[in-house]
Amino acid sequence: MLSLTRTGARCLLWGSAFSVWVFTFCLFSSAVHSEDVGSTRLYFVNASLQRVTYSSSVGVSLPCPAGGTPSAILRWYLATGDDIYDVPHIRHVHTNGTLQLYPFSPSAYNSYIHDNDYFCTAENQAGKIRSPNIRIKAVFREPYAVRVADQRSMRGNVAVFKCLIPAVVQEYVSVVSWERDTVSIVPGNRFSLTSFGALYISDVQKEDALSTYRCITKHKYSGETRQSNGARLSVMDPSESSPVILDSFQAGEVYAGQSIDLPCIAGGYPSPTVRWLKDGRPLPSDARWTRRLTGLTISDLRQEDSGSYACEVTNSFGSKEVSGQLHIIDPLRVTLSPKNLKTGISSTLFFTCSVEGSPEYAITWYRNTEPIIPDQHISIQGQHNDTLQITAAQKFHSGAYQCFASRKGHTAQDFSIILLEDGTPRIVSSFSERVVNPGEPFSLMCAAKGAPPPSITWTLDDEPVVRDSTYKTSQYTLSDGLTVSHVNVSSPLIRDGGVYRCVARNSAGSAEYQARINVRGPPQIRPMRDITAVAGRNTYITCRVIGYPYYSIKWLKDGMQLPDNHRQVVFENGTLRLTDVQKGADEGTYLCSVLIQPQVSINQTVHVTVKVPPLIQPFDIPSTSVGKLMYIACVVSSGDMPIRITWHKDGQLIVPGSASGVAIETKEFMSSLQISKVTLKHNGNYTCIASNAAATVSWERQLIVTVPPRFVVQPNNQDCIYGKAGVLNCSVEGYPPPKVMWKHAKGVGNPQQYHPIPLTGRIQIMSNGSLLIRHVLEDDRGYYLCQASNGVGSDISKSMILTVKIPAMITSHPNTTMARKGQTKELNCTARGEQPIIIRWERGDTVIDAERNPRYSITINKKGDEVISTLKLNPAERGDSVFFSCHAINSYGEGRGLIQLTVQEPPDPPELEVREVKDRSMNLRWIQRFDGNSIITSYDIEYKNKSDSWDHMYTTRNISPTNNQANIVELHPACVYSIRMFSYNKIGRSLPSKELTISTEEAPPDGPPMDVILQPMTSQSIRVTWRAPKKELQNGVIRGYQIGYRENGPGSNGQYSIVEMKATGDSEVYTLDNLKKFAQYGVVVQAFNRAGTGPSSTEINATTLEDVPSEPPQNVRAISVTSDEAVITWAEPPRMTLHGVLKGYRVVFWSLFPDGEWGEMQNITTTREQVELRGLDKFTNYSVQALAYTQAGDGVRSNVLYIQTREDLPGPPAGIKAVPSSPSSVVVSWLPPLKPNGVIRKYTIYCSSPGSGQPAPSEYEANPEMLFYRITHLSRGKQYHIWAAAVTTAGRGNISSKVTVEPAGKVPAKILSFGGTVTTPWMKEVRLPCSSVGEPAPTIKWTKDSEDSAIPVTADSQRQILSNGTLVLRSVKAEDSGYYTCTATNTLGFDTIIVNLVVQVPPDQPRLTVSTTSTSSITLAWIPGDNGGSSIRGFVLQYSVDNTEEWRDVFISSSERSFRLDNLRCGTWYKVKLAAKNSVGSGRISEIIEAKTHGREPVFNKDQPLLTHINSTHAGLNLQGWTSGGCPITDLMLDFRPKGTWAWQSLKANSTNQLFLSELREATWYELKMKACNSAGCGNQTSQFATTDYDGSTIPPIKSARGEGDDVKKLFSIGSPVILVTLGVALLFIIRKKRKEKRLKRLRGETDENNKNNRSIDTPVKGPPQGPRLHIDIPRVQLLIEDKEGINQSVNPQNFCTGVSLHHQALIQNSGPLIDMSDIRPGTNPVSRKSIKSAHSSRNRYSSQWTLSRPSQSQSTASARTLTSDWRTMGSHGITATESDSYSASLSQDTDKGRNSMVSTESASSTYEELARAYEHAKLEEHLQHAKFTITECFISDSSSDQMTTGTNDPADSMTSLSTPSEPGICRFTASPPKPQDYDRGKNVAVPIPHRANKSKYRGITLTMPKSSSSALGRLQKQSVGAYSKSYTLV
């Protein structure tokens, strides 16, 4: 294919490693260029026009579908190639190219004209194109009738009516509508009209049998309409029957893109079901396929829809099937490339015809509308002949080329205009002479233009320049056809100097240019070869001097310096030219002498030999005649011997002999040609050719042998038929070929004068001389003369007579005519033609025999050459309204006349029916069955009271005939009427219709409801009460009422809203709801009966009650005034939100304590917009809200404002103690004030002694951090009063109560510390002080209250009692909460304090979900968990990209329950988690959920080309083919490398349009990888391409064999390490697995042996443990309760689904779950915490979902059911589990199949140590006190370590040795339900022991707990079970 694509920019870079001189030349290149061939062009207006059908009575005008600019010559042809000729009154071609076919009678029909294939051509200077063949067909007006057959159907089935159209007109007649009782059927409800004209009635009912059904058809071309007969439907009751196909489909072909209906309707009972199959399989789901009542509809057809379709209909009594093959045809589309090509002569052209569409097409080629026949220049190639190649194109190959693709009557084409011009090369740019130094690089450029583009070669001193290391040559062609060639010499030497010549050559010729390049150095002369010159021509002798400089170059011959005559010229560059070389003068030895220094020359000789060419003396050949002799002599007058002489005739060598009749005699310098007897075959061009060593010459002349003309076939008299083609034979011969001329003389007598016949398309002279008349006319009759002449002898001629025979034809008849019924009617028909003529009459399709039917008579009259036939009907009847035809017949043809007779009469009476009866009117509809073949002009309706006679009737006259219904008004309600009707046409009035009797309906009430009363009920409801209208105005039974209401306030639209209610009696009531608050409404009421609604009542107004305001006060502000007073101000809420009369405002406020708790909520009411809060706590934070209220109550609160009161004097210390510590000192301790009212700066202690005489007490100051003080220097035995006061910046506060103390030597034990409540965050260190004094020193003991006893507090790693009595609790947990008692004791007494420790924990995890997502945001919602004993301060939301761990934090207010993350990356998965924060800290993190923003990674569009253009060093890439996927593309990266290499070159693109790869290797295959990235990911695209050669030619693909060994080596080098590593890993895995199996086998054996010796009495010897089984999964925290059933037990899943609970007291308590695993954290127990505050006691910390499942009989997996996780609410009414039941309960988790929420491992227990601690806790013992547990097995995932598989060898008893934080696993326990008498038995507690799981067995290890240790802390005692297992007993 000839490429017309413009290639991209490329650069040719040349240089040398040894120089700095670089030449760069960047141009555009192309092999053959496409240009606009000028303003001349051709085009198609409508190339798709391929069929025209028209009515013979209308005719058609058809513009030529082709055109051109400038105006093209338009011509029409028949498909056979014959020209179109004008036929008077039949066919005419207008000057503008429009083909017109006139209306014609049937007798003038000619298939050659009226049913044939035509095409049109357009021709101008650009060429000539032809349209596809157009089928033009005329359609006659044919008599036809359509009918509809009666149908039968069962009730509920489908009825099918079809319009039966005669086959002769079926192609042109279509169904346009259906009527039911003369009323057009509108598709819908139960009636469907199919695309193929059928009527379907679904769900047939009995009433469908009461109507008649007609179809209406229309002729597509004549426009005639037909109405069928009326068909009836018989409806039967359903009866059991097999399906019956009512309508089906057949095979067919449909064009792609269209829609098709495949009907499939069946009847039967029960109603059959329909199933569709395609190619034997059910239809796949496709929105284009729609199953309808009518069958299957397929829209937007595609090629893949082709296939076999089957419709199966089935019911319980049988089935039927219909099938058919559907072929989808894709219209043909043709693209011919190249287009509008201008190139040079001798080019090679390729045309490619690309065809799209259905296969099995045929391709034909045309040039200038003529079929292309392959020859020496043209070849047609390809599987479908889709490639046309023109080699060495000549000028005559220019023109328009067309490719036609045809398939089954459909044709598509495309064309191309080719312009060939003389393209002899010419040099347009060249180099000049220059001087260079050795080693100095130089470049020579030569540019030439030609067509085709020429190639350029180089020579140096007439020697070819060879591309090597010294010479670098390149050549390329630009888009405009310019060929550029370079010679680059990188390091020239002396020998590289000389005359450089560039020669441009193509198939049209050559051109050259030369110039000298001088390289400095010692001059030399290259050796010169001897020269042979041709005499008479010019010769050049070049002195090949190299080196520079030199002084001069001289030529000498025979010692004489040249030139010595005018024919010799010596040029400055040393070239000698010899003009008109002569043998004697110019032959010899020439000397070139170069003067290189003064008096120093160098010389070189060359010998010139002169050859003389032959010279033929001119001769002529005289004309001769047949039989004469001929002698021709050819003499050579000069030339070097030897000379060879030969003869040619018409370019072919003459072989003498008898066959040719020629003899040749040749001597040394002459030759003669002799013909003994001349014949016609000797005519031709004779050439004498003489040649020698110098040249070849020739002389040519023509021999003409003349023959006078003679007739081969003489003309004879001839008959021709009018309208047909005729040939008048006349054939002559002679030489020169005779010219034939035809002449015509009109008339039948003697010819008067002959006139030359004008040759048109209708009349032509054939190649043999005969005259062709394509369409014979009457004017063609007469004499014809055939005359021939050739200038030899006399002309010859012969005459003949042409007689035109006229076939019988009808010349006159009426198309339509009218008759009245009962009268006589005559039909006339006139015919003409050759006599005799027979005329036959037909009625429809029946021949009329007048002798047998007396109603008909036929008469014949002759008038000149016409025959008139008359058919008489007496009388005319209704049945005569049909088509009559008269047929005229003679020996030469037949004509027909068609007459439509219409018999008119008065119309039949209309069929009247009542459509609707109202109170005062009725609607009548009628059907006019027969109009009497005359248009209905009007209708009359008469009606009367039934009791009256028709003399007292009422009449409605002159109803328009266009109406088929009417309304009769002004009737009286509830009256009985009789009605009848008449119809009129031009003939008369019909009989009356059938009389109908009807009764009028009720009328709407004429009066409104009475006594309407409104009563407001609420702020949004009003009650309405009323009474019914007066009886006489009701006009029937009141059925109900309509209540209209509207708001009458400002801004309302005034429209009523309507509600309706049924009537209940004489008095009614209705309440209007959902009204606006505190708004005025107007209400009206209307009554209605069956007939309608009566008048409305007078509007009454009422106002809804007040409601609370819906918005808070505005601009709320708070200002602190004093330490106990603040001022709050605000503005009134918007009026529209008050919903009532504003009564005042309420300010709500509460204090916030330092520990985060809230104080009591208070409020103040006011009518002002300001309030003063007095009596506030001093130096306290307050939260303030304001609201407005109405009489209905309080409105919405404002946002919380925070304010702090100012400091003031502190309150008294909360407590004070004073105890003696020695005979002279006492120790005072106190508590801080309950109300510090500021920051305590210090404490002042006062001490006074009554009766001491001191007026003022002693004062001592203590730091605010100190809460005790020792007062010394007191007197023993003396009483002292001691009190204290706190001091703030405001001053000293109130004093505490006074205590009395007396120093003493011996002091009973006293505690200085105070008891009370201590609140602390968890995991902190808490110090509970218990400072004591006494003499002797007291001992301190701490205890903690239990449920029924006090437990001493002993020191351990978490608890410590300091020497000063302080109890230190480290890392406090929730279970550390409780009452602690400190007792100080000595011999003199004891003292105690009680401390209530409250441990606050972080809040529970929220439940986090995703609400919505977009391309840049994710909206989250959550439900908070438990607050952990401290109010939630806010939430911390963390999010990160899915594949990273870089979390970002967002702090959210505690009041928020949703949040939107903005500015996210498009199309990216995000992980999100949420934690609540209280005063303790952040709580447990929620489940980590994942969500993805909208968008996806980029994709490369397959319809886009990846590479735009390629040359030898550059490639252009199309980056616009990337689609962003909804997210902007951020990066474009490319990797490319030459094929077969390792290293990739990378490139990053910044543009998204186009990118160029530069510095590529020429003629090299490349691999290319592209990657486009956005925030959603990256898309990849790979490709291969090859750069072109330096001359622009392409290279072949790389063969697979090349480099095969290298690929194997590469594969081996890569694969060997991979294989070795894989084998090593596999071997390691097998060894490890074997070791595990051995250890597990040994473990099972030893454990089984141990179980035999240590099995509990209650443990069965064989089989799995019975009863419920408890499973705890770590770390996913699954609680599983399961048992093992016998294999033969039946399980009823219905019983299981009713609910599940563990139904005995040992396992379930109402206070909480058995084990709450949802809140396990390091260091906490899983049971509910005690809480001091009642508000916390009801908190539910265990909110999640659990799944219970139980194995079925046939499968090992368990079916699942989700339960509510708040097990405390289940009580004893949940699911009952018997000992034989097996269940599993686990936290419900969604799989990651849809990337749903996932649980974070941070939110669950992760160690076995935590599980052990849970069991150690006493609360667990309380829950399990009556249950017996036996451990079965602990499973650990196979990914865990070997140490965990076998247990640890550490002899320590601590459970910590079993901890595996990273190991997931599951422990199984067996729990036996207790018996009532076993409640007091000892407890068995299971402790998990980890080892590897064996999937086929369970292990049983019993651990027991003695009864006596139920309230003690557990310790572990190890018993040896084996090498790899451990047994523990809790004691």
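Just so it is clear, glycine is given a Cβ too, placed from its N, Cα and C backbone atoms.
Curation plays no part in TrEMBL annotations; they are all automatic predictions.
The following features are taken from TrEMBL:
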SIGNAL    1-34  signal peptide
DOMAIN    906-1003  domain 'Fibronectin type-III'
DOMAIN    1008-1107  domain 'Fibronectin type-III'
DOMAIN    1112-1208  domain 'Fibronectin type-III'
DOMAIN    1212-1306  domain 'Fibronectin type-III'
DOMAIN    1402-1496  domain 'Fibronectin type-III'
DOMAIN    1501-1597  domain 'Fibronectin type-III'
TRANSMEM  1611-1631  transmembrane segment
COMPBIAS  1740-1767  compositional bias 'Polar residues'
COMPBIAS  1775-1789  compositional bias 'Polar residues'
COMPBIAS  1840-1862  compositional bias 'Polar residues'
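Here the domain 'Fibronectin type-III' (1402-1496) has, by DSSP, the following mix of helix, strand and coil residues: 0 helix, 45 strand, 50 coil.
The stretch from 906-1003, 1402-1496, 1501-1597 that makes the most Cβ contacts under 8 Å with the domain 'Fibronectin type-III' (1112-1208) is 1402-1496. Across the range of the domain 'Fibronectin type-III' (1212-1306), the DSSP-based residue counts are 0 helix, 52 strand, 43 coil. Across the domain 'Fibronectin type-III' (1112-1208), the prediction's mean pLDDT works out to 88.
Under DSSP, the residues of the domain 'Fibronectin type-III' (1501-1597) split into helix, strand and coil as follows: 0 helix, 47 strand, 50 coil. In terms of DSSP helix, strand and coil, the domain 'Fibronectin type-III' (906-1003) has 3 helix, 48 strand, 47 coil. The helix, strand and coil residue counts that DSSP assigns across the domain 'Fibronectin type-III' (1008-1107) are 3 helix, 56 strand, 41 coil.
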